[in-house]
Structure formats: C-alpha cells, structure tokens
Amino acid sequence: MRARRGFILLLLLAVLCSTGVSLRCYNCLDPVSSCKTNSTCSPNLDACLVAVSGKQVYQQCWRFSDCNAKFILSRLEIANVQYRCCQADLCNKSFEDKPNNGAISLLGKTALLVTSVLAAILKPCF
C-alpha cells in the first residue's frame, strides 16, 4: 500500500513538473492590430522577446542567453532595435508593458516541488 501511494505521488509530481516547464509567448511579426497569436516555446527557447525596429514589431520565443542587441540585430537582419526579453507566460505583449517577474514564479514552483519531495521522503520516518 505504501509503495503504491509513493508511486502515485511520484507520478503526480512528474505530471505537475512537466506542465510547468513550457513557456508561452506571443508570436507575431509586425501585426496590423494587437497580437493575439501565442505559442508554446520549445524547451531550448526559455524567454519571450518583443523587439521594435521602426514600425516593425517582432514578438516570439527566444533564448534568454541570446537576448542582447548584437545577436538580435544579426538574427533579425535589422539595423537598429529596442528590445526586451522576459521569462513569464505571455510577457511580451508589447514593448511598453512592464514584464512579470518570471524568476519569482520559477522560484516558487521550485520551492513547492522541493517541499513536496521532502515531505514524501520524510513521512515514513515519522
């Protein structure tokens, strides 16, 4: 009975962890009106980008380590850019909006996971 309960707990944790990893970003290139298209980023793209060059607006999934002007300019093949990268779901709505703090959200999920695992491990001891 105890082994079965442990297995169910591990299965539940695996499901919860896998659903919390995927980042969602707005994904539009120069929308005519407000961007409403969003997509789930692949695991190697861990940030959302909003970049503005003149009237051109780019909103897409991005790699946070590549979030610098030099890389963005070369990748998007543009001459100048204002940009912002953020790491929370749908945080790249527009350039003017303040981003949500994805780091706090990630820290909270990690703390919850660690607490749950420790509780499951220590429960048989008490």
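Placement of Cβ uses the backbone N, Cα and C atoms for every residue, glycine included.
On a predicted model such as this, the values are computed, not experimentally measured, just so you know.
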Annotation match for N-linked glycosylation site in Swiss-Prot, from ASN38, ASN92: ASN38
Where ASN38 (N-linked glycosylation site) falls in three-state DSSP terms: strand
CYS61 (disulfide bond) as reference: those disulfide-bonded residues from CYS35, CYS48, CYS67 with C-alpha within 10 Å of it: CYS48
Integer Cα-Cα distance in angstrom, CYS86 (disulfide bond) to CYS28 (disulfide bond): 16
Integer Å distance between the CA atoms belonging to ASN38 (N-linked glycosylation site) and CYS67 (disulfide bond): 20
